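Student: Quick one: the structure is below, questions incoming.
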Amino acid sequence: MVRVAIAGAAGRMGRNLIKAVNGSQYAVLAAASEHPESSLIGVDVGEMAGLGKSGIVIVDDLAKAVDDFDVIIDFTLPISTLKNIELCQEHNKAIVIGTTGFSEPGKELIDQAAKEIPIVMAPNYSVGVNVVFKLLEKAAKIMGDYCDIEIIEAHHRYKVDAPSGTAIGMGEAIAGAMGNKLDDVAVYTREGITGERTKNEIGFATIRAGDIVGEHTAMFADIGERVEITHKATDRMTFANGAVRASHWLHQKSPGFYTMHDVLDLDQI
């Protein structure tokens with residue numbers, strides 16, 4: 001049984017993660033945190049999530065509960081996640097990272113930390129999305145050289161980064177399968193007279209509206225036919241359940257940088 005700490009416990013994902021841990025037979029909720037200015041500091045986390053009294057109060061820093069947990073699950077902001085990574089390094093803890101929007105220096109810090117502690121990091125913890133990543137690799141190898149490739153993603157109005165981490169992950173899967181780096185072929189905006197589409201580019205389109213949980217489509221379009229691979233999430237619990245699954249898998253693993261491909265053993269497919 002893995003003892004889990006939830007960072008950002010009062011957020012949309014934090015609350016779902018608490019429910020996912022509560023419903024898991026492999027994990028137990030051991031700690032929870034919120035930012036220091038939160039009015040929920042000191043509140044019972046189970047009551048906050050509508051699950052009844054848990055005996056675990058929300059703290060403003062997981063360092064205050066460091067002896068109580070084995071793994072942190074962190075879906076917060078880059079600055080908070082990097083702080084929790086440092087805590088894990090200091091105390092030999094593991095961390096599951098669902099935070100997106102890291103700068104290049106931030107990514108480098110994560111890579112360095114993975115030499116000391118076990119880390120799972122993924123743009124999306126849905127099992128279905130990670131199956132889609134694998135399908136995209138195969139489609140790109142077969143169709144990529146003669147198709148136009150576009151990625152369309154849609155999320156709720158409150159999402160603060162664009163394109164989504166999942167859309168970037170889809171682009172990386174496709175570009176990598178074709179022997180390219182996404183940074184070299186990605187086109188994130190089109191406006192005005194852009195000229196004809198270049199051969200290898202991967203286009204991105206972003207929608208922010210209403211309460212859309214998450215929708216992603218990769219389009220492989222040729223003259224006369226088009227293949228679309230789509231994933232639609234209707235409940236954030238799918239991400240939360242995947243992250244809890246990853247925390248159980250990561251517990252007692254050797255230091256290293258892992259992804260959901262490793263958790264789900266997708267490279268064997």
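Yeah, the Cβs are placed from backbone N, Cα and C, and that goes for glycine too.
Bear in mind that the values here come from a model prediction, so they are computed numbers and not experimental data.
Here's the feature list from Swiss-Prot:
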ACT_SITE  His155  active site, proton donor/acceptor
ACT_SITE  Lys159  active site, proton donor
BINDING   Gly8, Ala9, Ala10, Gly11, Arg12, Met13, Glu34, Gly98, Thr99, Thr100, Ala122, Pro123, Asn124, Tyr125  NAD(+) binding site
BINDING   His156, Gly165, Thr166  (S)-2,3,4,5-tetrahydrodipicolinate binding site
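Set these features in their place in the structure for me.
Tutor: In three-state terms derived from DSSP, His155 (active site, proton donor/acceptor) belongs to an extended strand segment.
Spatially close to Lys159 (active site, proton donor) yet at least six residues away along the chain are Arg208, judged by Cβ distances under 8 angstroms.
All protein chains shown were included, and the count of other CB atoms within 10 Å of the CB of Asn124 (NAD(+) binding site) stands at 27.
The local packing around Thr166 ((S)-2,3,4,5-tetrahydrodipicolinate binding site), expressed as other Cβ atoms within 10 Å of its Cβ over all shown chains, amounts to 27.
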Student: Taking DSSP three-state, what's Glu34 (NAD(+) binding site) in: helix, strand or coil?
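Tutor: Once the DSSP labels are grouped into three classes, Glu34 (NAD(+) binding site) ends up as coil.
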Student: May I ask which residues of the same chain, at least 6 positions away in sequence, place their Cβ under 8 angstroms from the Cβ of Gly165 ((S)-2,3,4,5-tetrahydrodipicolinate binding site)?
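Tutor: Those within reach of Gly165 ((S)-2,3,4,5-tetrahydrodipicolinate binding site), by Cβ under 8 Å and sequence separation of 6 or more, are Thr100, Gly101, Pro123, Asn124.
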Student: Would you mind ranking the binding-site residues Ala10, Ala122 by how many other Cβ atoms sit within 10 Å of each Cβ and giving me the lowest?
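Tutor: Taking Ala10, Ala122 as the binding-site residues, the minimal 10 Å Cβ count falls on Ala10.
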Student: May I ask which residues of the same chain, at least 6 positions away in sequence, place their Cβ under 8 angstroms from the Cβ of His155 (active site, proton donor/acceptor)?
Tutor: Ser164, Ile207, Arg208, Ile212, Val213, Gly214, Glu215
Student: For Ala10 (NAD(+) binding site), what is the secondary structure state per DSSP, taken as helix, strand or coil?
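Tutor: The residue in question, Ala10 (NAD(+) binding site), is coil (DSSP, three-state).
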